[in-house]
Amino acid sequence: MTAHLIDGKAIAANLRQQIAQRVAERRQQGLRTPGLAVILVGTDPASQVYVSHKRKDCEEVGFISQAFDLPSDTTQQALTDLIDRLNDDPAVDGILLQLPLPAHLDASLLLERIRPDKDVDGFHPYNIGRLAQRIPLLRPCTPKGIMTLLESTGQDLYGMNAVIVGASNIVGRPMAMELLLAGCTVTVCHRFTKDLAGHVGRADLVVVAAGKPGLVKGEWVKEGAIVIDVGINRQEDGKLVGDVVYETALPRAGWITPVPGGVGPMTRACLLENTLYAAEELHK
């Protein structure tokens, strides 16, 4: 058996097409064009690439994109003032603060400064709290994108044993809440977990988001399981690999995401989806 590939690139392209169509319809109806403000502090190369992709995505779907490229020595107060200004700007539906920030800045305080109805990354405690209370509003982009990928398989998640490897605030923890909402029995593994192989081996669905290349061995995977690999790691030869050993997982899994081309494109597409939702439902 060889796993079915979950093509995140194609699914994300379809989602962007739907968003672009809705933006065009809004224009025809005389409604405001959705706006996204992207804040980048410093010159981190990976962050610069991510931000350029997000700006291109905005252009593709017809959003108005505002770019704020700030120097590395930008102060906490200057960033706070900028966020306050964007919070009050009716043309801005979403505010994205690109992480990581330089060490002298307090990311938690700045993320909390973003108005919850403009928090299109879904990181604000208010939005995480709503997800925990089973009344999600703006949902964290990567877990939201993963749920769309899972829906594309047509598999019924109710009652599945789901294992998440990695307990970050960005992926692991909100992913656990998403899968609970979907009716899964959820186990979250982390750096102190004993017998990781045993947990993975019992899972009908595995989501791996640890940032460690090859952490999950293919032979651990249960026959027919769904494998979602969030990891994206660059090797010395320049090749991008995930947190799962893809070659050995492929013949065992029922469904699997490739790296690259799996989860990453969906994270970006869901940022656009959240921005459109904010424009249509929260900023009427």
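Just so it is clear, glycine is given a Cβ too, placed from its N, Cα and C backbone atoms.
Here is what Swiss-Prot records for this protein:
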BINDING   G166, A167, S168, I232  NADP(+) binding site
Message = By a 10 A CB contact count over all chains shown, which of the binding-site residues listed here is most packed: G166, A167, S168, I232?
response = G166
Query = Which three-state DSSP class does A167 (NADP(+) binding site) fall into?
reply = coil
Ask   = Max Cα distance spanning G166, A167, S168, I232 (NADP(+) binders), Å?
value = 16
